[in-house]
Amino acid sequence: MDEEARAAGCSPAPPRAPAASCGAAAELCLCSPTGVEGIEQVPGCPCFEDAGAVVVSGEAPEGPGVLCSGDGAELKLAEQGALDVRLGSPAVGIHEQQLLHRGTSGSDEAGAINEISPVEVSPSEASSNLDTAGAIGGSPLMLESLPETSDTRGCEQEVMPGVVVGSSNRDASSEVGVESECGSDADGRNGLGEGELVSSVDGGGAEKSSKVTGVLSEEGVDGMETALEPCVASVGSITQVEEGVDRMETSLDDSEASDGSTTQDFDTDVETESSGSSIEEQDMGYGVHIPHTEQAICEVARGNKSSEVKSSDRMSSVTLPTLILASGAAMLPHPSKVLTGGEDAYFIACDGWFGVADGVGQWSFEGINAGLYARELMDGCKKAVMESQGAPEMRTEEVLAKAADEARSPGSSTVLVAHFDGQVLHACNIGDSGFLVIRNGEIYQKSKPMTYGFNFPLQIEKGDDPFKLVQKYTIDLQEGDAIVTATDGLFDNVYEEEIAAVISKSLEAGLKPSEIAEFLVARAKEVGRSATCRSPFSDAALAVGYLGYSGGKLDDVTVVVSVVRKSEV
């Protein structure tokens with residue numbers, strides 16, 4: 001796509017208020033207008049009648065849901081038609097001067113930087129250590145200072161020589177959460193009702209325990225509330241979180257039922273299909289929904305594997321444990337993209353397959369739904385996996401290539417496709433979506449962002465050959481390992497060490513993958529809305545010369561959490 005065409009129609013965003021020093025933690029709450037029948041005001045939470053806000057949990061009446069801080073700053077900034085950088089105003093070209101020396105220019109619509117002059121800074125000036133505190137479910141997360149690192153997300157790390165793909169990246173997604181324990185697949189393209197499906201397959205029969213729950217009630221929201229200081233960024237040891245994790249688990253288990261979710265059972269083949277929530281239930285521009293969830297546990301090995309061991313004149317067989325992958329996902333949209341369905345997508349299919357994609361928002365300036373191409377990629381991957389069952393196993397890059405060949409919509413996207421074969425994780429990646437493998441509370445392996453430069457990721461566009469673009473990974477996994485796969489909406493706002501700590505504490509508390517994904521998505525959204533906190537994105541901006549930038553990057557967020565478990569079959 002011609003870069004001048006991409007920049008057409010873009011106007012600078014209104015200047016943002018200068019970054020303030022981090023003060024006392026602002027209590028986050030879900031506001032509702034006074035006088036609305038059946039909705040209780042949250043104690044100590046300022047509400048704004050003129051914003052038309054309603055509670056976004058339980059049986060909400062109608063109108064936009066608003067997640068506000070104690071001083072209501074987000075509401076004051078969230079004026080129709082006057083979006084600042086916190087709300088993702090298209091400001092293509094702001095960093096163009098910064099990228100000229102690389103021979104190209106690009107910007108991320110959701111994270112464009114405005115009113116900041118590029119200057120040269122040393123790496124030591126690019127980041128500062130802050131002592132911060134956060135919470136899971138209201139309990140404090142005591143975070144130490146984050147050591148400086150040269151592996152800052154958003155900075156140029158992987159450049160494919162001779163490749164020019166698409167346009168610069170990013171915006172929104174439809175609000176979804178999916179986690180399933182199933183014998184088939186789950187698809188996160190549209191909004192879901194919260195549910196849980198567990199199926200164990202033995203021979204020709206299937207035993208199913210199904211429970212459909214709903215949007216988090218006010219009690220559930222209180223349990224999920226992240227009373228985090230606006231300036232949460234540096235990461236170290238995390239303490240006093242067990243109680244908070246327990247509260248979050250209880251809140252999720254006590255959720256009320258919602259519509260929009262359909263579950264179908266077919267003997268040994270169980271498929272979960274969910275439709276999107278209605279317009280009345282969605283954010284009308286600036287609110288935040290707690291993601292809905294559904295779960296799928298997929299058995300990737302149908303029996304015990306054996307390894308032959310030779311010893312002089314005899315041969316014996318050593319039985320290896322059968323491992324399965326339990327995966328769950330959650331999504332939240334960029335507030336300005338809810339009504340168009342968002343631009344993130346993902347899929348979870350049985351036999352250990354999953355993936356995420358992040359459509360490039362710049363296509364919307366040409367009248368194209370930027371999320372269609374990403375959704376077609378994920379649909380195509382799921383279709384290829386389902387059609388190949390019983391045939392020789394396909395490689396991840398082959399699945400992606402088949403999906404890309406069948407995609408019909410114009411567009412471009414970052415994409416990651418992964419498969420766990422019972423012992424080894426195989427993954428292929430294009431762009432700045434990525435994964436972390438967490439073992440015993442530590443980051444064991446991770447992918448590298450593939451970018452042309454700051455905030456300008458590599459992308460696959462319709463007609464491109466994925467084999468020339470992908471970066472491939474093979475990682476041996478063991479029982480208890482966790483995989484966090486996500487679009488850059490997570491990694492730009494939440495430090496990797498914090499993600500690892502959340503995974504560790506959540507698994508100790510027995511939370512499901514979808515519940516962990518929910519918390520990570522809500523955490524990323526919270527940091528993305530802050531104009532003052534330190535984040536991986538602000539670190540990257542400072543590192544390339546945007547002196548004075550602070551805060552997160554408001555974006556659509558998609559997270560898939562997968563846990564390696566021993567099969568009970």
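First residue shown is number 1, and so on along the chain.
The backbone N, Cα and C atoms fix where each Cβ goes, and this holds for glycine too.
Model, not experiment: these values are computed from the prediction.
Feature annotation from Swiss-Prot assigns region 'Disordered' to 166-212, 251-279. What Swiss-Prot records for 174-183 is compositional bias 'Low complexity'. Swiss-Prot lists 329-564 with the feature domain 'PPM-type phosphatase'. Taken from Swiss-Prot, the feature Mn(2+) 1 binding site applies to Asp358, Gly359. The feature Mn(2+) 2 binding site is assigned by Swiss-Prot to Asp358, Asp488, Asp555, with similarity to another entry given as support.
A separation of roughly 12 Å, to the nearest angstrom, links the Cα atoms of Asp555 (Mn(2+) 2 binding site) and Gly359 (Mn(2+) 1 binding site). For the pair formed by Asp358 (Mn(2+) 1 binding site) and Asp488 (Mn(2+) 2 binding site), distance between Cα atoms is given as 8 Å, rounded to the nearest Å.
Counting in whole angstrom, Gly359 (Mn(2+) 1 binding site) lies 11 from Asp488 (Mn(2+) 2 binding site) by their C-alpha atoms. Its Cβ taken as reference, Asp555 (Mn(2+) 2 binding site) is surrounded by 34 other Cβ atoms within 10 Å in the chains shown.
Following the DSSP three-state reduction, the secondary structure of Gly359 (Mn(2+) 1 binding site) is strand. Cβ contacts within 10 Å of Asp358 (Mn(2+) 1 binding site), excluding its own Cβ and spanning all protein chains shown: 35. Neighbour density around each Cβ, counted as other Cβ atoms within 10 Å, peaks among the binding-site residues Gly359, Asp488 at Gly359.
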